[in-house]
Amino acid sequence: MNLSQLLTRVVKHSAVYGMADFIGKAVGFLLIPLYTRKLSPEAFGQLQILLLFQTFGVMTFGIGQIGTVLRYHPKARDDAERSQLIRGSTVIVATSSATFLALGLLVAEPLSVRFLGGPDLTNVIRLFLVGIVARVISDLPLTLLRIEERSARYGAGTLLRLLLSLFLVVYFVVVREMGVLGVILGDVIASLTLFVTLLPVFRRHWGTGSGQHPEFGVRSFLSFGWPYMVVNLGAFGLIAIDRLFLAGRGDIVEAGIYSLGGKLASLVNILVLSPFTLVWGPLSFRLAEEDDPVEAQRIFSRLFTYFAFVLYVLGLALYLFSPEAFALAAPPEYASADRVVPLLVGSMIVFGFYKHFQVGLAITGKTKSIATSFVLAALCNLAANAVLVPRYGMMGAAIATFFSYLVMCGFLLGTVQRVYPVPYEWRRVVPWAIVAVLLGWARRFVPELGLASAIAVKGIILLALPVAIFLSLPPTERQAARKWVSQLW
């Protein structure tokens, strides 16, 4: 598989996965005016904390079995062994989900008191747990669709859940005026519906044969998967500790404003990281199997360079247009969310680098180092938030987040280069980053303008980045880039 073929496949399927996630994020932003007008600022902050609880469940209940299925599926020699893999992973996910559900029901009230301002939302947390379990189990058949590169079916399933959730949330919040409970109830019903619609995928892969692959045992699956769960725990610490610190000190309103800035920054994940990872995970393993190590590492390096270019352009765009985005999406009370955008967008770009670097450890099977990097970063984030949040509020939280992502990425890069060295093109990636930062700094000199004029001026600033990068390429690479783009479209 050459680089051109690989890029075409990545872009093709990433576009479908990315469109589903993009629509979901777009709907989320469209709902922000609804939330800010139908919910009090305190209730909006409570909703953001509840969504963090959902994130925790989705990231941990599955004990890393999505990564396990991706890793072991290519090793299956026939349908019986593939069924053996699916059955084993399903048993693990179902057992862990039931355990977490039972524990969550017990601690729902203390969580509500500590982070939501009182016990009033205890039953809302318990209801939410049911929807979280449905989401976690649904991830297995969705992963099978990814492996088969059935991106259209994957997108249709996630779009169904999204549209149903949108309809129900609007109905419960606007018509029935149920507040936060209405948002959660709509999400739970949509998650359960997606689970039911994916049951045929389960049946198709469940099979009736009894595979005998020596590596396909529950112990092997847990051994491979548990580091991913530890990674996800660390990841949760990275994305949640800041808001939990803000809410835990009693400022739920500021936690909501900070979360709004985080939502804009998360577009880096929605538009690039998430769809790229969904496709790149299976393809990277296949590439490592098909090509010699030197050629595979060369392709990884060049793809990282292009990956960094996309992240820089998107990150600059989000920062340049963040004031306009917040003005359209929320009342003036939320305008201060713009202050945290540069640091949070930078954090997402660094996280994108991290996601690319960790492929080498996954290929070599040394996933424990991934877990170590996340735990280290989470501990750094915890310490930094404890020091900075009491003094600087949400700006302190943003600084702590960016610092923690740098620590995590730096640790992993040093580790992976010892076991799976890739000759990354830092002579390009670093100068491009400097140019992007300088262009972002230029936003400070844009005067107060009307919406159309501001968009035009900032659009010119944004366009300067890809033009400068393109002109810095050697002639042969510029010609290859033109050819590839023409083939893509």
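Glycine is no exception: its Cβ is also placed from the backbone N, Cα and C atoms.
Sequence annotations record features per position, and here TrEMBL assigns transmembrane segment to 15-35 (among others).
Among the features that TrEMBL reports, transmembrane segment is placed at 47-70 (among others).
Taken from TrEMBL, the feature transmembrane segment applies to 91-112 (among others).
The feature transmembrane segment is assigned by TrEMBL to 154-174 (among others).
Positions annotated as transmembrane segment by TrEMBL: 180-202 (among others).
With a cut-off of 8 Å between Cβ atoms, the residues of this chain six or more beyond the transmembrane segment (223-246) that come close are 48-49, 52, 55-56, 59-60, 62-68, 71-72, 92, 115, 252, 254-255, 258-259, 262, 365, 367-368, 370-371, 373-379, 381-382, 385-386, 389, 393-394, 397-398, 400-401, 404-405, 408. Among the features that TrEMBL reports, transmembrane segment is placed at 223-246 (among others).
Feature annotation from TrEMBL assigns transmembrane segment to 266-287 (among others).
The transmembrane segment annotation in TrEMBL covers 299-320 (among others). Tertiary neighbourhood of the transmembrane segment (299-320): same-chain residues 3, 6-7, 10, 264-265, 267-268, 271-272, 276, 284, 287, 291, 341-342, 345-346, 348-349, 352-353, 356, 359-360, 422-425, 428-429, 432-433, 436, 439-440, 443, 458, 461-462, 465-466, 469, selected by CB-CB distance under 8 Å and a gap of 6+ residues from either end.
Nonlocal intrachain contacts for the transmembrane segment (340-357), taken as residues 6+ away from its ends with a CB within less than 8 angstroms of a stretch CB, comprise 258, 261-262, 264-266, 268-269, 272-273, 276-277, 280, 300, 303-304, 307-308, 311-312, 315, 318-319, 322, 373, 394-395, 397-399, 401-402, 405-406, 408-409, 412-413, 416, 440. Under the heading transmembrane segment, TrEMBL lists 340-357 (among others).
Residues 234, 238, 241-243, 245-246, 254-255, 257-258, 261, 339-340, 343-344, 346-347, 350-351, 353-354, 357-358, 361, 369-370, 372-374, 376-378, 380-381, 384-385, 387-388 of the same chain lie 6+ residues outside the transmembrane segment (394-414) yet bring a C-beta within less than 8 angstroms of a C-beta in it. Residues or ranges marked as transmembrane segment in TrEMBL: 394-414 (among others).
If you look up TrEMBL, you'll see 426-443 (among others) marked as transmembrane segment. Long-range neighbours of the transmembrane segment (426-443) within the same chain, counting only residues 6 or more positions beyond its ends whose Cβ lies under 8 Å from a Cβ of the stretch, are 304-305, 308-309, 312-313, 315-316, 319-320, 342, 458, 461-462, 464-465, 468-469, 472.
Taken from TrEMBL, the feature transmembrane segment applies to 449-473 (among others). Outside the transmembrane segment (449-473), and at least 6 residues removed from its termini, the chain residues within Cβ reach (under 8 Å) are 309, 312-313, 316-317, 320-321, 323-324, 327, 428, 431-432, 435-436, 439, 442-443, 481.
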